[in-house]
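Chemist: These came from TrEMBL, pasted as-is:
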- 74-89: compositional bias 'Polar residues' (COMPBIAS)
- 65-97: region 'Disordered' (REGION)
- 12-32: transmembrane segment (TRANSMEM)
- 106-128: transmembrane segment (TRANSMEM)
- 176-199: transmembrane segment (TRANSMEM)
- 211-235: transmembrane segment (TRANSMEM)
- 255-277: transmembrane segment (TRANSMEM)
- 298-318: transmembrane segment (TRANSMEM)
- 368-388: transmembrane segment (TRANSMEM)
- 400-422: transmembrane segment (TRANSMEM)
- 442-461: transmembrane segment (TRANSMEM)
Amino acid sequence: MCSICNVGHIPVFCSCLLPPPFFVVVASYWVGKGKGKVRVVRFPSLLFFFAVGWRNHSMGRANHALPDSRNGIAENSKSVTSQPEQTTVSPPPPPPAGDLDISPEIVTLAFALNSVFLAVSLGTPWFLTEQYAAGPNGENVKETFQLWKTTRWVGSVRTSMRSNAIACTPVRQRLLVLQILAVLAFFISFSTFLCAVVRRYFLQGNSGVRLALIYCVAICFIILTVESAIGINVYTFSFDACGEGSSYHSRTFEVSVGFAFTIAAWAITTFAGVVVYNKVPFPRDERIVDYGIQAFDMLAFIAFLFSTVACAIPLWFYKDSARRILTEVFLWKERYSILWVTNASSNSTAVRNLGCSSLFHCFLAAEFFGIVSVLLNGATFVIGFLLVKSLIGVTNYALALGYISTMVAFLQWILLTCIYYGDWCSGSVAYHRKKYVMAAGFALSVTAGVLMAVGTVALTLTESIRRRYFPSAGPCKKLRDIFLEMYQ
């Protein structure tokens, strides 16, 4: 096919199979002929036009061919199917290496608790006594000692006496000092809490704030030490000016919430004093796995000791001040002795002989759960010790024993609570209604369950962290290797 174009109103074949220089020569000839002149084109001129035309034609072909080649390369590159990358599933990166100082957080939390405890101690009883049917007409008698007043109930009749009206002068003087120290301790503790918050969230690297915090903790510790010592003195001593047997302890008072919170605040302040002066490093590497396992085993050992001791000491007791008889209730018997007499003879009655079969069966179940709790706590401690020694394959057993021990301890706690608060056999046995006081045995059994629960949760979190961040840091030794290490 050829296309025709007009040059000077003369049709010319512009594109045909012939090369472009030919058309340049022909076009020049026809233009000259149309004007009536015969233009003689010399041979060198024809060669010149031919060369120029051929060069332009070659460049045009190259320009048309280049995009095609580029498109071809692009198509070839698209046509090549990309091979999927070989990816391996790896655990997420662990936290940044290095220890994290958590002492500011510990001090802040400690003095937040201190402030709450000391505020509660200002308005709650420090010492308390309750006597069943000790009134003139068989009423219950209750008396509470607070920092600001002493209140006595005989049945529903209530009488109060301000602290400055106490007849015993040594007690009255010491009580005034206690009031001043209690208020000072609360304000110093709250100021220390504010200082700890400022250090933690605003001026953590400021040495001046840290020094002020150390001074505040030291002052609070001194005040609480003096306050606790005076409180113990008032509770236990019978002063000559007040007569023999005038102490609150001799009058069958027991330590109540206010004084217990003051002692707890003193213990927390002691711990916070050690923390504020030193750094408490929290590891963010593989050591956290070892620390978590060691904490679990330590808590399991303490729970084992507490549950063992709780089986052998009284769960609750009652002091009859009128007859001066002490009644103590164990898991398997009731023991009766004389108050305030050392090495006095005692009598006991087995729980099966109390004349209440339903109560006996509940005590029998509590005994069973107590023994099982001791055995489980001991087994958990042994498995935890092997886990500390990196014995392979015992982590799940330790977790299972920990959770089972916790459940058994709390089942025993529920049983003991039902025994204490229930009215058994038409009210013939009713420990709570007859003003029995919870003793160390019940407290230790509950504490053992709480410690085992905390340790098991700690081991669960430790194992979760290990599997997520440090999968190669797990236990890897056999029992024979552990025995060889211990023997060497």
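Note: Cβ is positioned from N, Cα and C throughout, glycine not excepted.
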Chemist: Do the transmembrane segment (298-318) and the transmembrane segment (442-461) share at least 3 Cβ pairs closer than 8 Å, excluding pairs fewer than 6 residues apart in sequence?
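Modeler: Contact confirmed: at least 3 Cβ pairs fall under 8 Å.
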Chemist: Return yes if the transmembrane segment (368-388) and the transmembrane segment (442-461) have at least 3 CB pairs under 8 Å (sequence gap of 6 or more), otherwise no.
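Modeler: Yes, since the transmembrane segment (368-388) and the transmembrane segment (442-461) share at least 3 Cβ pairs closer than 8 Å, they count as touching.
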Chemist: Report yes or no: does the transmembrane segment (176-199) come within contact of the transmembrane segment (255-277), defined as 3 or more CB pairs under 8 Å with a sequence separation of 6 or more?
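Modeler: Touching, yes - the transmembrane segment (176-199) and the transmembrane segment (255-277) meet the threshold of 3 or more Cβ pairs under 8 Å.
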Chemist: Excluding the flanking five residues on each side, which residues at least 6 beyond the ends of the transmembrane segment (255-277) place their CB within less than 8 Å of a CB in that stretch?
Modeler: 103, 106-107, 110-111, 113-114, 117-118, 120-128, 144, 146-147, 182, 185, 189, 210, 213-214, 217-218, 220-221, 224-225, 227-228, 231, 235
